[in-house]
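Just below is one structure, and these are the notes that go with it.
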Ligand code: SAH
């Protein structure tokens, strides 16, 4: 006699979350395809003894069986397959078989999960975020698996991989912590100090020994708690989608943000709400803050124990004076980290459809600035004028006449294509293309404004065919200018 179909989740009573210890316990997987393989792999990772029942196994499962990692039950499902099982997973594409597994499990009080069928399952496998021993499991009780998946993705972006290391460290040190702080209150206070202190940061920097030492010091009240730190973060060119996950996490944790003018509003929207924002941007001729003032601000806030983010456009180490800022921090004993960003050359080229290198046109790229501390005359014009290379020129809007003249003087063809990318990756991006000899005139015709990046080289011509973002490149003078 078969028992009734398992009831499935009831809207009125939510599921009860459980983390199961499957180590050494028998689990049955019914099915021999890719879904069964995925489940089997996860079960093996949890230490389960897995038996896979199916008339035939796919190649990977067959290999596992041959290696003895799993046991293969050959043939069609019979309730005897459940002998010895604590849990079963029905992962076939045959509803009848899946239902038979569910019913047989119900009769024997064995939990059964039917993949992608919450109603037929007595136990559900949650979406999860895995950080070693630390696991976040998410379930919508079968009501909205997509929502659970969405949440999982959000958490994946926010939870750093080093959280697993932290959980492992705390696991290893559990006894020591309990012995040192037998009282719950004192233990809580210790954890608070620990989590706010430098141990998580050191683990994130993959400095495990230093983290252990700091932990021990903290355990004996000698740790350097809340010392304050600075993260030098690249915000990319503007499109917030080009931030790295690391940048996003750091922005989420910041107490103070010192940002350049070049950092887009879209990116600033992502900063922790109650963080203090200070614009320290510098623009040609309009210095909001001198470099010395920026150094002073970083030191002031970090030495108050705050987490400071120094947020810069593009990448902090590409024409960003990031090196100088780190030297100051270093000299003052302030901890720092660097989060790279997508630099303007890389972003503008991508968003204009200009491959910086190309087998047929350019084997190297030079990142240059036509506007640095020393004058343009210190540039090696002979080298810059060489063929088969791409120049990506930062901060060049002002000196374009001189720049193109010098290149041509030193042998680069007057017909070499250029592309100016203004406001690259932003909603108001413009791309202006032409030949080197007409560079300055075209920039004037279109009234090019900062920020703009100049690309010189054969590859620039590809913008005509490979553009995909915003408006197509502008080749001729604008209509008004032409009519005049
Ligand atoms: N650290 C930055 C560069 C700072 S110098 C980076 O790695 O990108 C500032 C110059 O960068 C600007 O004058 C301009 O040439 C270039 N730039 C930065 N953002 C840009 C953008 N969105 N579009 C075009 N050029 C940009």
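A Cβ is built for glycine as well, from the same backbone N, Cα and C atoms used for every other residue.
According to TrEMBL, the protein has these features:
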ACT_SITE  260  active site, proton acceptor
ACT_SITE  282  active site, proton donor
BINDING   34, 35, 55, 56  NAD(+) binding site
BINDING   237, 313, 314, 315, 318, 343, 344, 395, 424  S-adenosyl-L-methionine binding site
DOMAIN    131-157  domain 'Siroheme synthase central'
DOMAIN    162-219  domain 'Sirohaem synthase dimerisation'
DOMAIN    230-440  domain 'Tetrapyrrole methylase'
MOD_RES   140  phosphoserine
REGION    1-215  region 'Precorrin-2 dehydrogenase / sirohydrochlorin ferrochelatase'
REGION    228-484  region 'Uroporphyrinogen-III C-methyltransferase'
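Listed in sequence order, 147, 148 are the same-chain residues at least 6 apart in sequence whose CB falls under 8 Å from the CB of the residue listed as 'phosphoserine'. Broken down with DSSP, the domain 'Sirohaem synthase dimerisation' (162-219) shows 49 helix, 0 strand, 9 coil. Long-range Cβ contacts of residue 318 (S-adenosyl-L-methionine binding site) within its own chain (separation 6+, distance under 8 Å): 343, 344, 345, 367, 394. When DSSP labels each residue, the domain 'Siroheme synthase central' (131-157) comes out as 13 helix, 6 strand, 8 coil, counted as helix, strand and coil in that order. If you take every residue in the domain 'Siroheme synthase central' (131-157) and average the pLDDT, you get 91. Residue 424 (S-adenosyl-L-methionine binding site) sits 43 Å from residue 35 (NAD(+) binding site), taking the Cα positions as reference. Local packing around the Cβ, expressed as the count of other Cβ atoms within 10 angstroms, is greatest for 424 among the recorded positions 34, 55, 260, 424. Reported as a whole number, the C-alpha separation between residue 314 (S-adenosyl-L-methionine binding site) and residue 35 (NAD(+) binding site) equals 42 Å. Residues 8-9, 11, 14-15, 17, 19, 118-119, 121, 124, 163-168, 171, 245, 248-249 of the same chain, all 6+ positions outside the domain 'Siroheme synthase central' (131-157), place their C-beta atoms under 8 angstroms from a C-beta of that stretch. It is 41 Å from the Cα atom of residue 34 (NAD(+) binding site) to that of residue 237 (S-adenosyl-L-methionine binding site). Same-chain residues at least 6 positions away in sequence with a Cβ under 8 Å from that of residue 237 (S-adenosyl-L-methionine binding site) are, in sequence order, 313, 314, 342, 343, 344, 347, 348, 351, 424, 425, 426.
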